[in-house]
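If you check TrEMBL, you get these features:
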| type | residues | note |
| --- | --- | --- |
| DOMAIN | 80-143 | domain 'SLH' |
| DOMAIN | 145-208 | domain 'SLH' |
| SIGNAL | 1-23 | signal peptide |
Amino acid sequence: MKKLLSILLSATLFLSMPAGVVAEDTEIEVMSDWAVESVNQAEALGITEADKNYDFTAPITREDFCELIFNTIIAAQGHFTVTEIPVPFVDTDNYKVKTLYQLGVINGKSETAFAPGDLLTREEAAVMIIRMINTVMPMAATEMYFDYDDMDQVSDWALEAVQVISNLGFMQGVGENRFAPQETYTAEQSIVTLVRIYDATRKIYEYETPLGTITTDVDCQSASNWAIETEARIDLVQDTGNFEATHVMIEKPVKAFTNQLSTVCISFDDFAELFGGTWTIADNRFAFTYDTETMPEVVPYVPLETPDGAEWPNKTEAVDCIYFGYFSDHIPIIINGEERTVHGQDGGKVFDSGITMYENTLYIPVQMVAELMGYDIASLDVFLNES
C-alpha cells in the first residue's frame, strides 16, 4: 500500500473498480481520523495488501475482507495447518480465499459460488471473524446477551456470531441499539476490527520481580511439584565423555530449587555471590555482570554422606511459580552485555531452559554455573534431612 495522498477520482474510474479498492496507480486518502492509527499498524504488520490502494470509507468486498483475515492470521500466528480438501468455488482462484475455506473460516453463497465481488455485510463479517477466532485464536467471551432492536433482521446462521462478537467487543452496534446486520462493512471498519483482534492475541503480561518488572506476551504462570528453598552443594564435571573426567565441587552451600530428582536451580543471590557479580534488568531481560577473572573456589569432589532413612527437605505438593521460559520474548538473558540462552541439564543432557521465580525469589539453572566456569555439567547434591 502506497503512502496516502489526497486526490480526486473521476466518477468513471470509481465506478469501474471494486468497492473499497481503487486503481493501482492511483493514490487516495479517504480515511476517518479514528482509523488512521489502526490502518498504519495494519500496513506495518502486513494485514493490508501491499499492492492495493484501499478506499477506506467505501464498503469492502468479500474477497478483500478474506485477504485481510488471512493476513491477520499470519501476522498473529505466523503459520497454521490446513486440511487439504476440495474447494468448490468456480468464481475465484484467490489462494487466500481457498485457504480460508479449507480452514473452515468461510462458506460460499451457494454450493459453487463464493461471490468475491459482493459487498460484505456486517453479519457476514461477524460470522467470518468468529470462525477465524474459533479456528486459530480462541478467546473467552462473556455471556451477556445483546438485545439489539434489529435482531429480527439478523440471519439465523449469524445470530450466534453477532452475540459472540458483541461480547468480545470487536464489533458493536451502529447506534440507537442497532447492529445493522444487512448494512455493508467498510474497509476501514474491517481493518480496525482485525487490528483489535491482533492486539488481543498479543496480550502483554507483567510480572514484578525483585529486580523490577518483566513483560512478556506469554503467560508465565506455572506449577511445580518441587522441594523448595533447599540447601545444596554444587558439583561440576569436565570432560564427561572421559573415564578420567574432572569432578570437583563448590563447598559453600547454596539455596536451591529442585524437582527432587536432577534438574536444579540456585537462587540469583547465591549465583551473584559465587561470581562476585550483580543482577539487574536490562532491555526486559535478566542481566548479570561480573568480573570474568573472579571464579568460585573448587575442591575435589567428595560424595555427601547420606544418613539412613534420610528424607528430602521441604517436600511439597504442587506449588505455584513463575517460569520465564526460553519461549518468552525476554529470554535469552544478558551476561556481561552479551545475550545468552539459559541452559539446564538432566542426566548429562543440556537443554534450553529458563528462569524460575517462587515467592519473590529468582532461580537460575545451576548448569549456568558450569558454563561460566568452563565445565561441561553442573548438578546439585542436596543436604537431606535425617528421619
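We number each residue from 1, going along the chain as drawn.
Glycine is no exception: its Cβ is also placed from the backbone N, Cα and C atoms.
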Task: Count the residues of the domain 'SLH' (145-208) that DSSP assigns to helix (H, G, I), to strand (E, B) and to coil, and report the three numbers in that order.
output: 31 helix, 8 strand, 25 coil
Task: Report the DSSP secondary-structure composition of the domain 'SLH' (80-143) as helix, strand and coil residue counts.
output: 24 helix, 2 strand, 38 coil
